[in-house]
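**Student:** What Swiss-Prot shows for this protein is this:
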| type | residues | note |
| --- | --- | --- |
| REGION | 1-277 | region 'Amidoligase domain' |
| BINDING | Ser26, Asp159, Ile160, Glu161, Lys198, Thr199, Lys200, Pro201, Thr202, Gln203, Lys234 | CTP binding site |
| BINDING | Ser26, Lys198, Thr199, Lys200, Pro201, Thr202, Gln203, Lys234 | UTP binding site |
| BINDING | Gly27, Leu28, Gly29, Lys30, Gly31, Ile32, Asp84 | ATP binding site |
| BINDING | Tyr67, Gly364, Leu392, Gly393, Phe394, Gln395, Glu415, Arg472 | L-glutamine binding site |
| BINDING | Asp84, Glu152 | Mg(2+) binding site |
| DOMAIN | 307-542 | domain 'Glutamine amidotransferase type-1' |
| ACT_SITE | Cys391 | active site, nucleophile |
| ACT_SITE | His515 | active site |
| ACT_SITE | Glu517 | active site |
Amino acid sequence: MPKEPETEYDPSLGRKFIFVTGGVMSGLGKGITAASTGRLLSNAGFDVTAVKIDPYLNVDAGTMNPYQHGEVYVLKDGGEVDLDLGNYERFLGEDMTSDHNVTTGKTYKHVIEKERSGDYLGKTVQIIPHITDDIKRRIREAAAGTDVCIVEVGGTVGDIEGMPYLEALRQFAHEEASENILFTHVTLVPYSKNGEQKTKPTQHSVKELRSIGLQPDILVGRCSDRLEPATKEKIALFCDVPTTAVFSNPDVDDIYHVPLVIEEEGLDQHVMERLNVAEEAITTTDRTNTWRELVTRERTSSVDVALVGKYDLEDAYMSVHEALKHAGIETQTEVTVQWVDSDEMLDHHEDRLREADGVVVPGGFGSRGIAGKLKAIEYCREHNVPFLGLCLGFQMAVVEHAQNVLGFADAHSAELQPETPHPVIDILPEQYDVETMGGTMRLGAHETNIDPNTLAAAVYNGTVCTERHRHRYEVNPEYIDKLEAGALSFSGQANNRMEILERSDHPFFLGTQFHPEFRSRPDRASPPFVSFLKSVDSTLDARSLNVSTSEEVQI
């Protein structure tokens, strides 16, 4: 149950709130716009946090289909949340908690529980004020101790699910001083066939927002190119905002360039002026130099990495993509990710993988595509291709070793083949009596002890790491001695649970039961991903050397 407020909220605290809504269509990039604004304010010296409102009835994102919703992002406290919170963490450099994700399921559940326990003293429980009050409470609690809280409202203005939230924001603005509240509306500005930027979708979206009682202070136009001056003027006229409050957010090749783009537009300066705050004595150029150097760092090499999974929606593996990108920044490597569908590669997996310089097998659930993942792991083991297995990828590396190295042909995971005579992967003991699905896995940050003088110790530069987990199955303790009889070893453990595996007969073969991608940041890349790319680079250098030597011999 959510914690109760420490004290009655005092609006005179002067905390600033930026509410980000979206119009015309979903998937416009509200989250990136919100996160980029937060990055710029953080650069200016403010303590910034973020809240994501998801108007669905699910309590959290844990049971949602990755095809529809993208990846389930895991927070340090075990919260299973929308992938936008991953963007907030990566842009702001802050670890969020479950309190930073507000869902209709959470809110209604809490209010109904209070009604059942008699907290409302016989009152008729309604959307207004009980649901809206709970929404406002959650936002204020998440913002505690910060200077600025950015709140993104999921979905599109006009969606029936979002109505209680927009009403709560209207009340919020009524309760706070006007200089403490700013509404940013992100909208689509498409091109017509004759190349004209069309403002009508934006006008209608703002009209819908105003009908609810909300007037945007800032309009951000998502478009393929920057908004023309005439377009900005037209939007300003019909949407009743100053021309100086209309900003472009054009398409970019790399989302980490968005803060630089909107800074050039002057959005951060406008926000600070509108909220009546003064940035620290840091010049605009100086406060973005570090971020600019980071995201524009020159790449000195390039690699192709095969990502072997079953969800063909890129967002389903967003954190893995971003972690590879972060590792590329640190190692100055241009990383091209090649999608390999594990469900369709059985007959031609060698052709698909031969072109890859390294292979990543990410997490997932269910039996579909497992045979393809096992083939990919076998290929990497036999051909000395750098391999990184995450969660399910770690478990399948254990299964592949048992089947093809130890000769247990029927070995498998009890999750995928319950009748297997050799369940080398079995359910966690504490999961035996669990009958519900949501929020019941082993979740969140846990510490792993690493054996010294191992690949894992070199990767983490130490003998302890803390990473985030999301799993219900583990390596079966009864098979550990058998599994370690060959070149495979478990070099990381947590309370007798196997957390990291590696192979002594391979240049780089690493598997982790945890998800290191969830803690990766642009300025603090995940150690397993950095070491993986370094190994890929080294392997390429060795191949190049062998080719050169071979050519010299032929000459």
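Keep in mind that glycine also has a Cβ here, set from the backbone N, Cα and C atoms.
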**Student:** Pick the one among the recorded positions Lys198, Lys200, His515 whose Cβ has the fewest other Cβ atoms within 10 Å in this structure.
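**Tutor:** The recorded positions Lys198, Lys200, His515 were compared, and Lys200 has the fewest Cβ atoms within 10 Å.
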**Student:** Under 8 Å between C-beta atoms and at least six apart in sequence, can you list the same-chain neighbours of Ile160 (CTP binding site), or say none if there are none?
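**Tutor:** Set apart from Ile160 (CTP binding site) by at least 6 residues yet with Cβ under 8 Å, there are none.
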**Student:** Give me the CA-CA distance between His515 (active site) and Tyr67 (L-glutamine binding site), in Å, as a whole number.
**Tutor:** 20
**Student:** Out of Ser26, Gly27, Leu28, Asp84, Lys198, which of these binding-site residues is nearest Leu392 (L-glutamine binding site) by C-alpha distance?
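**Tutor:** Comparing Cα positions, the candidate nearest Leu392 (L-glutamine binding site) turns out to be Asp84.
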**Student:** Could you give the Cα-Cα distance between Arg472 (L-glutamine binding site) and Gly31 (ATP binding site), in whole Å?
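**Tutor:** Between the Cα atoms of Arg472 (L-glutamine binding site) and Gly31 (ATP binding site), the distance comes to 30 Å.
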**Student:** In Å, rounded, how far does the Cα of Thr202 (CTP binding site) sit from the Cα of Leu28 (ATP binding site)?
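**Tutor:** Approximately 13 Å lies between the Cα of Thr202 (CTP binding site) and that of Leu28 (ATP binding site).
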**Student:** Please compute the mean pLDDT of the model over the region 'Amidoligase domain' (1-277).
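**Tutor:** Within the region 'Amidoligase domain' (1-277), the model's average pLDDT equals 92.
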**Student:** I'd like to know which of the binding-site residues Gly27, Leu28, Lys30, Glu152, Thr199, Gln395 sit within 10 A of Lys234 (CTP binding site) at the Cα level.
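**Tutor:** Hits: Thr199.
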**Student:** Inside 8 A of the center formed by the CB atoms of Gly27, Leu28, Gly29, Lys30, Gly31, Ile32, Asp84, which other residues of the chain have their CB, for the recorded ATP site?
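**Tutor:** Neighbours found: Gly22, Thr33, Ala34, Glu152, Val186.
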**Student:** Same chain only, sequence gap of 6 or more: which residues have a CB within under 8 Å of the CB of Ser26 (CTP binding site)?
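**Tutor:** Once residues fewer than 6 apart are set aside, Ser26 (CTP binding site) is near Gly155, Thr156.
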**Student:** Tell me which residues of the chain lie with their Cβ under 8 angstroms from that of Gln395 (L-glutamine binding site), as long as they are six or more apart in sequence?
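**Tutor:** Result: Ser413, Ile425, Tyr473, Val475, Gln513.
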**Student:** Return the maximum Cα to Cα distance in Å (whole number) over the record's CTP-binding residues: Ser26, Asp159, Ile160, Glu161, Lys198, Thr199, Lys200, Pro201, Thr202, Gln203, Lys234.
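**Tutor:** Answer in Å: the longest Cα-Cα distance is 31.
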**Student:** Sort the binding-site residues Tyr67, Thr199, Lys200 by C-alpha distance from Gly31 (ATP binding site) and give me just the closest.
**Tutor:** Tyr67
**Student:** Quick check: of the recorded positions listed here (Gly364, Gly393, Glu517), which one has the Cα closest to that of Leu28 (ATP binding site)?
**Tutor:** Glu517
**Student:** Rank the recorded positions Leu28, Ile32, Cys391, Leu392 by the number of other Cβ atoms within 10 Å of each Cβ and report the first-ranked residue.
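**Tutor:** Sorting the candidates by Cβ neighbours within 10 Å, the top entry is Leu392.
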**Student:** Please name which of the binding-site residues listed here, Asp84, Thr199, Lys200, is nearest in space to Glu415 (L-glutamine binding site), Cα against Cα.
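**Tutor:** The smallest Cα gap between Glu415 (L-glutamine binding site) and any of the binding-site residues is with Asp84.
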